[in-house]
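Database features, via TrEMBL:
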- Glu174: active site (ACT_SITE)
- His250: active site (ACT_SITE)
- Cys368: active site, nucleophile (ACT_SITE)
- 19-28, Asn110, 137-138, Arg214, Asp252, Asn362: substrate binding site (BINDING)
Amino acid sequence: MKAREANFDGLVGPTHNYSGLSFGNVASEKNQANQSNPKQAAKQGLAKMKALADMGLVQGILAPQERPDVHTLRRLGFMGSDANVIEQAAKQAPKVLAACCSASSMWTANAATVSPSADTADGKVHFTPANLTNKFHRSIEHETTGRILQAIFADKKHFAHHPALPAVEHFGDEGAANHTRFCHQYDEQGVEFFVYGRHAFDSRYSAPKKYPARHTFEACKAVARLHQLNGDKVVIAQQNPDVIDQGVFHNDVIAVGNKNVLFCHEQAFLNQQDVYNELTAKVGGNFKVIEVPTSAVTIEDAVTSYLFNSQLLEMPNGETVLALPEECRNNERVWAHVQTIINAKQGIDKVQIFDLKQSMANGGGPACLRLRVVLNEQELQAVNQSTLMNDILFNRLNSWVDSHYRDTITDADLADPQLVVESRAALDELTQILDLGSVYAFQR
Ligand code: SUG
């Protein structure tokens, strides 16, 4: 049965702000305490979703999470009314409050790892929400993420949902940001490519020295087991620790793949040639690597432009489009190399530029904002149809953003108890629009 790749983008939540929460993510650290614009952020994301839907692709929406996360603040000992909880946290632990206000669930490449039914032994699509243990503000996402995924992919005949891996550093899991699926046709069994930053149980292996390696080898193995993948169709590779130390905090900051194409930097992986060889052997003969040399694009260029945090999209007419953030056009070397790649006709036919500045300033490009789910026709029918983008939903969500979102958020605004009231009102309406049931109820 024919299958297609659907992209589920995270809708930016009403508390989008810059709190410098992600050590190792250069943009997050650099933009700390800058004023954010949640309304613009949400609209930039919606415009990308609409553009992909207009290209004839399946585009879904993942709802934001409830922030400030009063439920977590209560777990940390803040008491009283919701307003009291916020006020106390603002006074005693402003950084903890900021973490509990982050709209970071927008980067749905980190929501989960997804294996299509063609790859799994039981023929179901498998989902494992990522525990995101390395960053406190992200470690509080997976429970709600799981509920949202189950509200969208509800049919047990087609979809299998696992809880997140044990939430400790040994099993640090960042989801699809470190996972790529290669195949010839989407409906055929593919090769699932997992990338990790370090080994948790074996100190003989190298690891970054300056910045954290968020994802472990052991997490990759566990997800491959849970998803019942065939070992002959799995490749597990280590990210180059030196580039993690230069700000490449996820593999999707230095590599992206689709079907039989891997587009990556020459310094992306440890033992890079071995990785190519294993992928070539397992994917099959026409596996193609479009490798970018340091002489053309430095690691710093890659980190600031997010050239590789792009979406490699197969159009209905068979062409491949590379969806890039505007920052790539603003970097002369990167932009020149993009032209070289297109002219070389190596497997990328066109580029499409998106303005995602609000998300980029926190280190989130086009690829961070989307979770890929390959679905056959029956599975696509079984998806909650209210979450699929179309003209009507696009207009409805834009008006929803207009009526609920602020134009600015600064550090000081996070202490405003009114923010939780506004955010809840917005999400209550959104659960109706997207038909999500009571995904936030357990937090109230
Ligand atoms: O986890 N930034 C996110 C960006 C995630 C990007 N995702 C992928 N590469 N797939 C992170 O570092 C910053 C929040 C702040 O500082 O306010 C943040 O969480």
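Backbone N, Cα and C define each Cβ position, glycine as well.
Locations of recorded TrEMBL features on the structure.
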residue : record                   : DSSP class
Ser19   : substrate binding site   : coil
Asn25   : substrate binding site   : coil
Asn110  : substrate binding site   : helix
Arg138  : substrate binding site   : helix
Glu174  : active site              : coil
His250  : active site              : coil
Cys368  : active site, nucleophile : coil
- Item | Under 8 Å by Cβ from Phe23 (substrate binding site), counting only residues of that chain that are 6 or more apart | Glu29, Tyr211, Pro212
- At the Cα level, what's the spacing in Å between the residue listed as 'active site, nucleophile' and Asn25 (substrate binding site), rounded? 13
- Message: If I restrict to non-local contacts, at least six residues apart, and a C-beta distance under 8 angstroms, what lies near Asn110 (substrate binding site) in its own chain?
- Response: Ala130, Leu132, Arg138, Glu141, Glu174, Gly175, Ala176, Ala177, His250, Cys368
- Message: Can you tell me which of these recorded positions sit near ligand 1, meaning the Cβ is under 6 Å from at least one of its atoms: Phe23, Asn25, Ala27, Glu174?
- Response: Asn25
- Compile a sequence-ordered list of residues in the same chain as Asp252 (substrate binding site), six or more apart from it, whose Cβ lies below 8 A from its Cβ; state 'none' when nothing qualifies. Ala109, Ala177, Asn178, Phe308, Asn309, Ala367, Cys368
- Message: Within 10 Å of its Cβ, which one of these recorded positions (Arg138, His250) has the largest number of other Cβ atoms?
- Response: His250
- Identify, in sequence order, the residues in the chain of Leu21 (substrate binding site) that are 6 or more apart from it along the sequence and have a CB within less than 8 Å of its CB; answer 'none' if there are none. Ser28, Ala98, Ala99, Ser102, Ser104, Lys135, Phe136, His137
- Might you list, by sequence position, any residue in that chain lying six or more from Ser19 (substrate binding site) with a Cβ less than 8 Å away from its Cβ? Gln32, Ala33, Lys95, Ala98, Ala99, Cys101, Ser102, His137, Asp411, Leu414
